[in-house]
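Student: So TrEMBL says this about it:
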{"type": "DOMAIN", "residues": "21-316", "note": "domain 'BBS7 beta-propeller'"}
{"type": "COILED", "residues": "332-359", "note": "coiled coil"}
{"type": "DOMAIN", "residues": "374-484", "note": "domain 'BBS7 GAE'"}
{"type": "DOMAIN", "residues": "492-594", "note": "domain 'BBS7 platform'"}
{"type": "DOMAIN", "residues": "597-710", "note": "domain 'BBS7 helical hairpin'"}
Amino acid sequence: MEIHLNRVDYIQVGVTSQKTMRLLPALGKKATQKVAIADHDGILTCFGMKKGEAVPMFKTLPGQKIARMDLGGAVGTPQEKIFVCSGSQVRGFTKKGKQFLTFEANLTESINAMHVSGADLFVCASYIYNHYCDCKDQDYYLSGDKINDITCLSSENLTRLIPVLACQDRVLRVLQGSELAYDIEVPGPPSVLELYNRDKGEEILYGTTDGKIGLVQIGEDSAVTKWEIDNDKKKGGILCIDTYDIVGDGVNDVLVGRDDGTVEVYGFDSTNEPALRFEHVLSESVTSIQGGCVGKESYDEVLTATYTGWVTGLTTEPQKAEAGPGDEVKMSKETQSKVEALRAELEQLQVKVLQGREQYQQTSQSSTAVSAVPVFSVNDKFTLCQDDASYSLTLEVQTAIDNLLLQSDVPIDLLDVDKNSAVVSFSECDSEQPNGNFLLATYRCQANTTRLELKVRSIEGQYGTLQAYITPRLQPKTCQVRQYQIKPLSLHQRTHSIDQDRPMNRLNLVGQFSFAEIHSWVVFCLPEVPEKTPAGDSITFYFHNTFLGTQLEATYCKGEGHFRSDNISTISILNDVLSKEATKRKINLNISYDISDDSVSHTLKMIHPKLEYQLLLARKVQLIDALKELQVHEGNADFLIPEYRNILDESANLLEEYKKQPAHLERLYGMITDLFIDKFKFKGQNVKTRVSSLLEILDNYDLNSLLEFFQ
């Protein structure tokens, strides 16, 4: 049961944040709805459709950037009061645009998530949750990691309001008053929460930054996961979710907006499993999504707001058929007047642009000229992808990008991204210099590219900074620099538990350092660790290596740190970096370690399938040219053995896969070499002279002879 929706663009406002557009309740059953949208200029706009035109109902004055919006009202009445938050302030407006509330939450940080339910207001800054009732302080909670979103459950079956926080450490935290009732592990860092049924909801939909969606049923003291949708097709992260019956089968469908511009509609079959019914790709990230009726009464649509402020509808209303050649084009009077109005507006704009250019030329040549750099906003995301152990760098600019320069002072590989149409060129680098570069790459973008996605892969143990210089198509020329830290253990990802039965190596530190100091060292070494020092006296974090599958446990408190891993190289990197950081601060460390010889063969066995696969792939790719030549010479490939015929049939896929993973073999060789050097380093032996013999064994790879060599 596929659905067909047609795209209509309504209006453009300023740059928008996540969840800042809502549809106001309809007055009649089939009536159209008003749209409220807030932007980074601090303007709240409310518009409705009249004769196919978007007509503003009201518009507030500019101010501080608006980060979130929610609708509220007395329980049991239409939820048509608009609440927006900017900085640490929450303001309330009626549907006519009259401001009736200004509430200062007295938080030291800006509010980044908000939920309104009757007289209850729930707001969150980075780590802090506050609950107010009738603007009076009720509950307060300090989260262990960054809070990305909040929602609150209330239904007849529940005895109390249940607030749920979506936290960066892959956990949904369920609160009771100012205490944590329990938490739920989810398969990725949750970025957005939405009630599946606003009126009687005990079910919550969540979306993660790595593109997974799930439904959880929340009880007062435990939760049940109903279903999860994996992100097999490697689409973008989830920014917004809504529920609305767009298919018209009486069951709410799930509407999803992603940061790569994909809009999806999931319907439910008879088994209550979600199935994709519709997909459309916009050119920029979708910050808000709503189901309702906007353009024309009785026609449902999926309304979206994008990063640069476009409000676009995907409507069930059939569009006028295109006139073919030889057809008489009959335009309705309404359409004709629309086209004429647009032409007139275009002419006026062209005149304005010419006048502006002349004025700029005159002022820039006068003796009192002051150069003004145009300000533009950049939306960027640098995240570790679990599936292929690479970092995805996404850059989105509110205007077209002209070019992008990537510069890195650590060795990293650039991987191919299918969605990326920019032309890349590499410059010579001199990595021998003290501040030398390992990578200089320029991406030249095609016209109207506002979003770029890149993939890079780092090497553990090599750390530094990746810098992106973004130049948009603006006059005068201007550029913004963004920096991303490549950490010493950059391929590690937070997890909730580890396998305790593996052979483990230990590193123990004792010294005159505070809890905050050792926490800052761990933040420096590992990704996905909260910047803020955890509450309490000690903390344990678990990690797994996304490339190899090895694991790490870090437990530390004031004056002590204990690290356990089944990979000696991980312990070696931690040892080097932590001693360096302590030396910088003139802190004496007492370091001891306990090395397990079994862990070496264990790690080699984990590398084995990857290495075998890559060697086989490399061999197949080497044969392709020779086999093609034979095929041309003989006229067909029937005389070849099945294995070689298979290589010819699969040649395109094999070459593509090989191209997508540059330096994969060298990387695995590097890991085995590091493992060899690190094993003997802890025994006080330098075996660098034997590396050439190790490489010979790797070239004629056999797991048993490799294990023997390590012994």
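Quick reminder: no glycine exception, Cβ is built from N, Cα and C everywhere.
Where the annotation comes from TrEMBL, it is an automatic prediction and has not been curated.
Can you tell me where each of these features sits in this structure?
Tutor: Counting only same-chain residues 6+ beyond the ends of the coiled coil (332-359), those with a CB under 8 A from a CB of the stretch are 51-53.
Averaged across the domain 'BBS7 GAE' (374-484), the predicted model reaches a pLDDT of 89.
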Student: Run through the domain 'BBS7 GAE' (374-484) and tell me, per DSSP, how many residues are helix, strand and coil.
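Tutor: With helix first, then strand, then coil, the domain 'BBS7 GAE' (374-484) has 0 helix, 60 strand, 51 coil.
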